[in-house]
């Protein structure tokens, strides 16, 4: 009975398999092989991606990193800081835990592991890597969409009301809540709570989606009521146009913020000032005089 239990424990996928002493002299180690659930099938070999020589890059003659293979929409091989480089993990051997030894040795580094793809949906999260390139693409697109709305809002409000975007909050606090000059029947505190609840609910629903493609492009009657993405070829063009406009909007709003900090004026006022004297009213003159 004892021999049968010992043999079963030695062959158990949970307990692990004892490594012969000849492999690691002077220490007793176990190689744990966990076998919960069904055994995963070997991944199918996919065709090797080929990168064409006429692929557009961010700079003529630039060398694209290996992890930017052109598969993402709007990928021009620009990653000077290597932020999208796949994470590399060290694999350690198990520490020696043999009570019969005078000294137990720590596990050594036995190799490295690199995730091939970071968009692996699980019941709890859509990505296997928090700082992976797929997660960065989602953040870039979401921030770009907010920047497009913010840029349009900053220009529209200043054009229609004359109030700059950086002073909009002060006007609301002094004169009360309003929209395009029309008073609203809500206080600032009520509007803040409405914004928190509405945006919080939307973000909660978006983060509940585990499909990385649907997280970026949900589509449907709410987000594509005109059916513009029905044609796959047209969809690719629209996605490329969106990411280009998103990047331009993020740079534009960064310029709005720098202008507001340097001059205290809005973007339209700064633009009119520059057009009145283009040779002497530039960003260089502004910073040199401040």
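All residue numbers here begin at 1 and follow the chain in the order shown.
A Cβ is built for glycine as well, from the same backbone N, Cα and C atoms used for every other residue.
Feature annotation (Swiss-Prot): of 227-247, 248-268, the stretch labelled transmembrane segment is 248-268. Of 17, 112, 273, 286, the one with phosphothreonine in Swiss-Prot is 112, while the others lack that note in the record, though it may still apply to them. In Swiss-Prot, the transmembrane segment annotation falls on 184-204 of the listed ranges 184-204, 205-225. Under the three-state DSSP scheme, residue 112 (phosphothreonine) falls in the strand class.
For the transmembrane segment (146-166), same-chain residues at least 6 beyond its ends with a Cβ under 8 Å from one of its own Cβ atoms are 180-181, 245-246, 249-250, 252-253, 256, 260, 265-269. Closest to residue 78 (chlorophyll a 1 binding site) in space, going by CA atoms and restricting to the binding-site residues 206, 242, 259, 274, is 242.
For the recorded chlorophyll a 1 site, residues 78, 140, 247 set the reference point as the centre of their Cβ atoms, and the other residues of that chain within 8 Å of it by Cβ are 74, 243, 246. Other Cβ atoms within 10 Å of the Cβ of residue 274 (chlorophyll a 6 binding site) number 16 in total over all chains.
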